[in-house]
Each structure stands twice: as C-alpha cells, then as structure tokens.
Amino acid sequence: GGGGGAAMADGDGLVSVDYEVYGKVQGVFFRKYTQGEAKRLGLVGWVQNTSHGTVQGQIQGPTARVRELQDWLRKIGSPQSSISRAEFSNEKKIEALEHKEFQIVK
C-alpha cells in the first residue's frame with residue numbers, strides 16, 4: 001500500500017457506486033471472488049447476499065479501477081456463477097474512501 005497526500009489528477013478521482021448482481025450468484029463463492037478481485041484492484045467496499053437471491057454491495061476507489069470491477073461484475077464473476085445482469089446506482093464522487101477494506105458482510 002502507498003499513502004501520500006498528493007491529489008489525483010482530474011478524471012481519476014474517487015467514486016462510490018452501489019451494485020446488485022442478478023443470476024446464479026449465491027452458493028458459488030461469488031462474494032469471495034468479488035472480494036479477491038476488489039483487493040487486486042485496490043478497491044474498498046463490501047458485498048453481501050440478499051434474501052431474494054442476488055448479491056449486492058458498494059465499491060469505492062479510483063474511477064478507472066471501479067469501472068474494471070463493474071465490468072467484472074457484469075461479465076465474469078466467480079467461475080461457477082451465471083450472471084444475468086448487474087445494476088449500478090447511486091454513483092457519486094467522494095473526497096475520501098469511507099471503508100478501510102473490502103468486506104464480506106454476513
């Protein structure tokens with residue numbers, strides 16, 4: 001990890017976005033893989049199963065990296081998952097990350 005107070009260039013600021021993924025996404029280690037991918041990209045946030053068979057959560061980090069995870073959630077997911085669609089909402093620019101890490105919420 002790197003700290004540092006230098007401001008990022010415009011266009012690569014921090015964003016926060018909520019997501020919900022539909023399809024066969026429970027019981028296929030989807031949360032574990034999402035956490036792994038988020039950590040690989042240096043993102044923070046959370047992921048949880050919902051009572052109606054979807055996976056939802058929030059992603060925060062540099063815009064370009066968030067876009068990468070959005071693509072991953074749309075098309076890839078965990079090896080045994082079958083994603084029908086991913087929806088994203090409440091996207092906003094943030095000044096600082098609101099989470100310390102990417103957590104799986106039980």
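From the backbone N, Cα and C atoms, a Cβ is placed for every residue, glycine too.
TrEMBL entries are annotated by machine, without manual review.
Features reported for this protein in TrEMBL:
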type     : residues : note
DOMAIN   : 16-106   : domain 'Acylphosphatase-like'
ACT_SITE : ARG31    : active site
ACT_SITE : ASN49    : active site
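For the active-site residues ARG31, ASN49, the largest tally of other C-beta atoms within 10 A is found at ARG31. Note on the domain 'Acylphosphatase-like' (16-106): DSSP counts are 25 helix, 40 strand, 26 coil. If you take the Cα of ARG31 (active site) and the Cα of ASN49 (active site), they are about 8 angstrom apart, rounded to a whole number.
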